[in-house]
Amino acid sequence: EEAHSTVLLIGIRKEARSQVLHLSRNKRYTLTPEKLKWDKFKLTYLLSFPTKLMNASDTRRGIAKAFGMWSDVSPFTFREVPADQEADIKIFYPVNHTDCWQSHLHHCFDGTTGELAHAFFPPTGEIHFDDDEYWILGNMRFSWKQFWLTDLVHVAAHEIGHVLGLMHSMDSKALMHLNATMTGRKLITQDEVWGVHRLYEFPFPTVAPTPTPPRTKHKLVVEGKKLTFRCGKKIASKKGKVSWYKDGELLEFSHPNYISLKDDHLIIVANAINEGTYTCIVKKKDKILTNYSWRVRVRF
């Protein structure tokens, strides 16, 4: 009872339950008022299995893929543990689900469609899926058998965001939006990445210095294409310090399958997360030797 009174429960539904608030700022992610978060980056999870349509192997693969989406863009690692071990995150597919009676913040599971899943914020770390849904690996669609087939990876990734401490995003295109299943957006957006990093104080220094307007090239590329940016051909001879920025934020680390930092050049994979403006600045002491910018937009 105490857990339900102190920890918010957030659900995801197929139909709209609130109106999107349009703000005049760029930040769309939302953190809990208490800034609830884990005190470690290595988390374990334990899962039970649904009875409808999906076998244990596919369930395990889908959940692991959803966790992998977050570990790719954050300092977190996730490891499944067997049933006889304690886990930080517990994943259930309840049939008789009654914890909603103690909270007005989410709906009870209601058979097929409607309420799909909900999650507890840290440190409770539970995710509940409705076992009356027909879970699949693949795009959500309406079956010729007259019921919805729901993508487990998509919904799980949304709920994992809550388990890490994110509330619903105000960006209608975000994975963490209230109606994410209806948007079809399956990638974690850059805004959600910043949200997790800021919540856990993973270092992101201040904006890039801009003493002179950088030269900007515009690139419109297809999703999945690899792009390489080079910070001038004579950097080696200048012996300056190279710094890379994305939308004014210093890039300090590579993220597998997203961004690869190679000192004098940068490699990215074109996707929703990596849209934005990339800038390289070469400085020697306080003097800027070279600066370039590339504006990347992705064609989906």
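Yeah, the Cβs are placed from backbone N, Cα and C, and that goes for glycine too.
Since we're looking at a predicted model, the values are computed, not measured.
Annotation note: GLU159 (active site) sits in a helical segment as assigned by DSSP. Residues or ranges marked as active site in TrEMBL: GLU159.
When secondary structure is read from DSSP and collapsed to three states, ASP88 (Ca(2+) 2 binding site) falls in the coil class. Taken from TrEMBL, the feature Ca(2+) 2 binding site covers ASP88.
The annotation Zn(2+) 1 binding site is assigned in TrEMBL to HIS97, ASP99, HIS118, HIS128. According to its DSSP assignment, HIS118 (Zn(2+) 1 binding site) is in a strand.
The Ca(2+) 3 binding site annotation in TrEMBL covers ASP110, GLY111, ASP130, GLU133. Note on GLU133 (Ca(2+) 3 binding site): other Cβ atoms within 10 Å of its Cβ, all shown chains, come to 27.
In the three-state DSSP scheme, GLU133 (Ca(2+) 3 binding site) is classed as coil. According to TrEMBL, the feature Ca(2+) 1 binding site maps to ASP131, GLU133.
According to TrEMBL, the feature Zn(2+) 2 binding site maps to HIS158, HIS162, HIS168, MET176. Its Cβ placed at the centre, HIS162 (Zn(2+) 2 binding site) has 25 other Cβ atoms within 10 Å.
Annotation comment: TrEMBL describes ILE235 as Ca(2+) 5 binding site.
Sequence annotations record features per position, and here TrEMBL assigns domain 'Ig-like' to 205-290.
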Count, for each of the binding-site residues ASP88, ASP130, the other C-beta atoms lying within 10 angstroms of its own C-beta, and report the residue with the smallest count.
ASP88
HIS168 (Zn(2+) 2 binding site) - helix vs strand vs coil (DSSP):
coil
At the Cα level, what's the spacing in Å between ASP130 (Ca(2+) 3 binding site) and MET176 (Zn(2+) 2 binding site), rounded?
19
Near HIS162 (Zn(2+) 2 binding site) in space, meaning Cα within 10 angstroms, which of the binding-site residues do we find among ASP88, HIS128, GLU133?
none
Recorded positions near MET176 (Zn(2+) 2 binding site), in sequence order, restricted to ASP88, HIS118, HIS128, GLU133, GLU159 and a 10 Å Cα cut-off:
GLU159
For HIS118 (Zn(2+) 1 binding site) and GLU133 (Ca(2+) 3 binding site), what Cα-Cα distance in Å is obtained after rounding to a whole number?
13
